[in-house]
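The structure under discussion appears below in the form of structure tokens.
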Amino acid sequence: MNKVIAIVGPTAVGKTALSIKLAHEFDGEVISGDSMQVYRRLDIGTAKVTPEEMGDVPHHLIDICNIEERFSAARFKKLADQKIDEIAQRNHLPIIAGGTGFYLQTLTDNLALGSDQFDQQTLDIRNHWKEVAEEKGAEYVWEQLNKLDPVASARIPKSNTRRVIRALEVIKKTGQLFSNQPHFKATNDFLLIGLTTDRPVLYDRINKRVDLMIQNGLLEEAKWLFDQGGEDLPAGKGIGYHELFPYFRGEISLDEAVEKIKQDSRHYAKRQLTWFRNKADTHWFDILRHPDDINQIKQFINDWLKK
């Protein structure tokens, strides 16, 4: 059984920097657990780690998809499991860094997601619920899931229509509750390090980071994606991109678009915190207000590795 560290928490809390520090300390390699950093050419809006930040630390599952490709939790699990085994075979420590909670859960709970390939039945089910969502709204679709599987609906925000539809797909295809999907026996031993901080501190960091993204060229990056038909592409759904599309169409001002990015980022951070705080085995630290906690984290990992 491989030992794996996962650094979790909301956006802008310092996961990338900590993952690199720990990789240096424990001879580790980093696996991105972010659903948007897989896309090539989308660097600024995804807060992708830079080559300068990486230094000599190997990073995986970054820049592996074109913008028109669909990247799913099933595909992530398959690739991440492969990388974990490869890294462990090199006698290095796999370190997962990222904020996509369900992606991490596929690994920690070893979820049986099945094939990543679409079939016609899946597409038909998905398109049906998409049409229902467009006609009656996201809350109505969530209520249908709530009637069928209250446990699953309690874990999925009403606003996350994509995951709600995914749950309805699974129920329809398998005849089983989404919350009762089978788990395989755990193959890896995970240590979850959670990063958090006071909400005003976090929100201020998010707002400043969005401003810095704009300064660093987010507008140009998003415009390129828009010109590639980004509104209809999987990569175009990401925060930092879809909020700018109405601006490019001349429907809102740049200030309004930027404020929407900040708002969506703050809401996303809140959802991330809620998700990870429900993981009872996460060990929480606030290295933004208490930088010396990094030493405590290192000692904590040292003790865990010896077990």
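Keep in mind that glycine also has a Cβ here, set from the backbone N, Cα and C atoms.
Feature region 'Interaction with substrate tRNA', per Swiss-Prot, maps to range 34-37 of the set 34-37, 186-189, 270-273. Counting only same-chain residues 6+ beyond the ends of the region 'Interaction with substrate tRNA' (34-37), those with a CB under 8 A from a CB of the stretch are 45-49, 61-63, 71, 76, 97-100, 103, 235, 238. A Cα-Cα distance of 9 Å separates Gly9 (ATP binding site) from Thr100 (site 'Interaction with substrate tRNA'). Under the three-state DSSP scheme, Arg126 (site 'Interaction with substrate tRNA') falls in the helix class. If you draw a 10 Å sphere around the CB of Lys15 (ATP binding site), it holds 25 other CB atoms from the protein chains shown. Between the alpha carbons (Cα) of Thr16 (ATP binding site) and Thr100 (site 'Interaction with substrate tRNA') lies a span of roughly 14 Å.
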